[in-house]
Structure formats: structure tokens, C-alpha cells
Amino acid sequence: MKKTALLNAPLSQVIATLGHTDSLTICDAGLPIPKQIERVDLALSAGVPSFLQTFHAVVTEMFVERAIIAEEIKEKNPKILTALLNSLAQLEQQQGNQIEVQYVSHDMFKTYTHASKAIVRSGECSPYANIILYSGVPF
């Protein structure tokens, strides 16, 4: 059995196969997932697992160099945004790099998900709790 934090085999496999600049989307329960993109559905019930729990599990195994977030989160979900930005700042410290954060419209965000290697669906039921993470290299 693995002894790292991330135990979900399909999610662990997706992260293990990411190359430099590949993207992985973590989303709330409502984001549309394109049929051609691999879906890692972790949602069990409303709020389980939360978006932030899912984010924290993913970044235990993924080196992140940049992120995209929907602009609308600033107004519609500031609590999640604040927690997410704090988590990204902590991740920068752990990784020893700067993580570029870009804001785009929600419509543009949905377009960008079409290029993701996979989309990880959480049980989060709050608006705009979504992020696209781009893989970096830890050297």
C-alpha cells in the first residue's frame, strides 16, 4: 500500500504521467466535463470531498508552476479564493518556486479545460471552486 497522502489510484496515475506544462483541472460538482477528457470523479456527496481537500491531496504529488482560476470567484466565492491563494503561497514555499496565477472569465476557463489531461471532480457545492494546475519540474 502507498504511504503517501494520495491513495486514489486513478488520480495518482494521472499525476504520475503529467509532463512539463501538462494541465490538471480540479473542479466543483457542477463544472461540465468534456466527454473526451479523462474524468476522475471523487464526489461522494455534497461537500465530500471539498474542493480544498482535493486540492491539498493533489499537490502532495504534483509540482505546480502556474494556475488558472475563474475571475468570477473573486465576487461569488471570496472565502474559497482566500483559502486557495493562501494554500498556493504555502505551496510556493514548499516547492521553492513562484506559482503564476492567472484569472480568466468562467467561459474561457471552461474552454481551457478541454486541454487538461484529466479533470478531478470534487463534491464541492459552492460557486466557481475550480482551478487548472499546470505541471512544472522540480529541478
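Even glycines carry a Cβ here, placed using N, Cα and C.
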In Swiss-Prot, D28, Y128, A129, N130 are given as binding substrate, so which of H106, H114 is in that site too?
H106
Would you pick out, from the binding-site residues H106, A129, the residue whose Cβ has the largest number of other Cβ atoms within 10 Å?
A129
When you look at D28, H106, Y128, A129, N130, which the record names as binding substrate, what is the longest CA to CA distance in angstrom?
13
Of these binding-site residues, D28, N130, which scores lowest on Cβ atoms within 10 Å?
D28
Neighbours of D28, H106, Y128, A129, N130 excl. site residues, C-beta within 8 Å of centre, substrate:
C27, G30, L31, F51, A70, E72, I73, N77, F109, E124, S126, P127
Just counting, how many other CB atoms are there within 10 A of the CB of H20 (active site, proton donor)?
10
